[in-house]
């Protein structure tokens, strides 16, 4: 997206004057201008944004009209509202724009807002907030903040929903720390806390998420069940199940009742760390508390047993699940396929896969990834290629991940020509080879003694927009030593140092074993 011009010091002062003397708005201005400068907003900003979105292939009127009949009705209603004299209340426009936005027709809403302005219809806080939401969902945060700047310039006071929308947008775009900065200069609500905590936990900042929960509790705001479940899930994935249980104790002390998701999240935490006895006890407590386990509950336990290769217990739970009227879903079957492959029971995994193909639910991309990975690791390469062929026949386009799995498997079991053919076909299929593709190929070529071909591929990486990493250098250095090409190895080492790529433990081992001196 083309850069939108930022405010000059003069326009910043002008904006400050427009905002008046409200302390709340001054705090907002301080955040916007000093931490995240605000783009100027005018009709040109609208035009730039909508033009860019069209070039990016986002759905516009024509595309949207062809995909939803109700959108056609909404657009007709909008045209009626615009041409009514006098104009109807802004609440009518807000309801209509909100409905279209909920249908994810974000660029359509942007176009309609532009049309409203050109027709002399002034936006209010509600419609501006809807517009901000659309820009956030399209990852155009500069435009979203420019809408906020225009609101302030017009003397409109953004409300909690406006700021929650911006915080959500920053989190969705991976700018969690910017979301925290904005959070600190507004009066937080439960929903704002929820947005920030969710963003922190999804980005792996579970400790900071837990601190935000404690801050929220100290502030007198009561966290809801969704916030607690988010924290519990994050802590469990971090392996901090003792701490997750303390959060549940805090819930109990505050009178927040558990729901089924709370039990499922905690059970999943136990299963992720192979604490199956605790997981099954919690399952029994959940049932004893009056909750009816669903497909997700059973799948969590099934997957836990499969991960530790206790196939019989997993099968028993599957039978129990079906007897109680809960049908296994794709996630359940994928777990079985992965578990059976891991245990070396390829025939059983094949039966599950064939049952999915014949009776449903149909295999998805994760099914193929799981099955092909298991087949390649166990050396069943002919069957892997058959499944790969079936995937293409069913019009499921293989991703680069699929190709990487196959290439690695073919090299591991001596099928060099097949691996090479798969690598070359990536280019013809229009799929971009990534760092893992190159690493597997270079490692495989060195394993086959084809050091010149490996080095040629190594040199091709930069031009392909995929620069080597520490793993690539390790494989290449090992291959160069095996070919007794110490001068090239020294050159590669110097290049590695010049690029600031740190030597990992594997590089150090290669250097030590092969006495290569940098």
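Quick reminder: no glycine exception, Cβ is built from N, Cα and C everywhere.
Please treat TrEMBL annotations as automatic predictions, because they have not gone through curation.
Annotated in TrEMBL:
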REPEAT    124-158  repeat 'PPR'
REPEAT    189-223  repeat 'PPR'
REPEAT    224-258  repeat 'PPR'
REPEAT    259-293  repeat 'PPR'
REPEAT    294-328  repeat 'PPR'
REPEAT    329-363  repeat 'PPR'
REPEAT    364-398  repeat 'PPR'
REPEAT    434-468  repeat 'PPR'
REPEAT    469-503  repeat 'PPR'
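Distant neighbours of the repeat 'PPR' (294-328): 260, 263-264, 267-268, 270-272, 274, 276, 279-280, 283, 286, 335-336, 338-340, 342-343, 345, 348, 361; these residues of the same chain sit at least 6 beyond its ends, with a Cβ under 8 Å from one of its Cβ atoms. Here the repeat 'PPR' (364-398) is broken down by DSSP into helix, strand and coil counts: 26 helix, 0 strand, 9 coil. Each residue of the repeat 'PPR' (224-258) gets a DSSP state, and the totals for helix, strand and coil are 26 helix, 0 strand, 9 coil. Proximity of distant same-chain residues to the repeat 'PPR' (329-363), defined by a Cβ-Cβ separation under 8 Å and at least 6 residues beyond the stretch ends, is recorded for 295, 298-299, 302-303, 305-307, 309, 311, 314, 318, 321, 370-371, 373-375, 377-378, 380, 383, 387, 390, 396. Here the repeat 'PPR' (124-158) is broken down by DSSP into helix, strand and coil counts: 26 helix, 0 strand, 9 coil.
Mean predicted confidence for the repeat 'PPR' (329-363): the pLDDT average there is 93.
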